[in-house]
Amino acid sequence: MSRRGWSAQERGGLSPFNSGLGDGRGGVPEVTDEDYSYITSEDLERSSHYSRSGGGGGPALVIDDDDILLIKHKGVTYPEHFPAFSIGDGKLLVGDVRERVQMIMKLSDRSTRKIRLLYKGRQLKNDLDPICEFNVKNNSEILVVLPEPSDDDSSSESSEEVVVVGREAESRPKKQKKKKSKGKKSKSRGGSPRESNLEIPSGGGPIDKLNTISSHFTTKLLPLCVQFTASPPTDPKKREDEHRKLSETIMQQVLLKLDEVETNGEEEARARRKELVRTVQDVLNRLDSQVNS
């Protein structure tokens, strides 16, 4: 017996070099028309329909749509793709989103550690948490707040940078800034929500700081929200733009400031902050309903 297989005799005498096919004299086999099958246009059409309908021996190729997060920063939206079902399955972590923000915005490692990720007023803090724990879904919007180089400066300068106050406005005296904002109110729908800045006093306890934030929200931002929900712009683009400005300003000037207040373990301060967050979140939900309706 050969090492590579069976001998010709054991296989019934059939060998590729000694075939019994043909005329029996080892010549070329005779080929006739009956040995061919012809494909008609009808066969081609049937085959095309067969492959489109997904029938046959193999499963049809199905390409799953990616999960998408709309990462927003200063009015710019970045639609970022992630593996399909990674959000709902709990595989996409807060740290993954943070790394993606670093990549698309070309941030240093230090700046990346300081960025704040917000979803509907809630801050996504722990990098090991799946984002689905914050009710983030496919096509959800994630707001990104980046630290500015002036974060170590005074609190008023820092807050001006966060809300993107223009350089011209920063260089003018405060009295002139107030006059300009009054003039703008007569030309627009109650003025821009970013014109009003929030300064939290460095002294005082947590309750005092929370009350300052609450007063700023109630007197400066809430009237603009009420006006928007009562009479939103009819133009879809203007409506979306105004909704974005209001939402981002509330998150930056109210929700983030509430998060920065140290309650020092005071139960009253914790309850007060929780109440304010819930109130602000209700207002944001009403703003969202005007855009989504």
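Residue 1 is the first one shown; counting continues down the chain.
Just so it is clear, glycine is given a Cβ too, placed from its N, Cα and C backbone atoms.
A quick note: this is a predicted structure, and the numbers were derived from the prediction, not measured.
Here is what TrEMBL says about this protein:
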COMPBIAS  149-160  compositional bias 'Acidic residues'
COMPBIAS  174-188  compositional bias 'Basic residues'
DOMAIN    94-151  domain 'Ubiquitin-like'
DOMAIN    227-291  domain 'BAG'
REGION    1-26  region 'Disordered'
REGION    146-211  region 'Disordered'
Tally of residues which DSSP labels helix, strand or coil - the domain 'Ubiquitin-like' (94-151): 25 helix, 12 strand, 21 coil
Arithmetic mean of per-residue pLDDT over the domain 'Ubiquitin-like' (94-151): 86
